[in-house]
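Novice: Attaching a single structure in structure tokens format; questions to follow.
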Amino acid sequence: MTKPTSAGQADDALVRLARERFDLPDQVRRLARPPVPSLEPPYGLRVAQLTDAEMLAEWMNRPHLAAAWEYDWPASRWRQHLNAQLEGTYSLPLIGSWHGTDGGYLELYWAAKDLISHYYDADPYDLGLHAAIADLSKVNRGFGPLLLPRIVASVFANEPRCRRIMFDPDHRNTATRRLCEWAGCKFLGEHDTTNRRMALYALEAPTTAA
């Protein structure tokens, strides 16, 4: 059994991430956790820590994120969610910042280890991305089109085996769907999952001319 990350969190490593698959071929099961992408200043990305749980709980209980993510949990549940990711290899929790101020939450995950792999022909090295902006005043202000190309470029550079980055917004999330379409993602249809209807998109890695 994996040792908990910090004292007082004895049950955290036992928490299962709701979307994680375990019926995996060895090639997928053996994958290390996703690599950490990077951004040039004034923006930044870092791996989330258990000490971020209070901040994330406050963010995710804000109405715009509670509606979009349905992760409006108390800090204790966020510590469990973060610990399960940090102790595993399926998903990497990240904190985004600008000018040194934390303001975003991202999860970069192996799509073949995620429930979305039930709905398309997943490659073992496909990665998926979820992202949230904490400050409502910054939503729909151009941060998505500004930062998404930089983040995905770093993901593709850090993991050259990855040929696609997947996005699965709720089918009613028109803002994220527009961003996916603006970025050039291929639409793979709407699909009913266990608790919602998602719109599935794939962003192909850029090809290099010979």
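Cβ atoms are placed via backbone N, Cα and C, with glycine included.
Predicted, not measured: the structure shown is a model, and the values here were computed from it.
So Swiss-Prot lists these for the protein:
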ACT_SITE  D168  active site, proton acceptor
BINDING   H130  substrate binding site
Novice: Take the Cβ of H130 (substrate binding site) and count every other Cβ within 10 Å, whichever protein chain it belongs to.
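Specialist: Result for H130 (substrate binding site): 21 neighbouring Cβ atoms inside 10 Å.
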Novice: Near D168 (active site, proton acceptor), which residues of its chain come within a Cβ-Cβ distance under 8 Å, counting only those 6 or more away in sequence?
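Specialist: Result: I116, G128, H130, M198, A199, L200, Y201.
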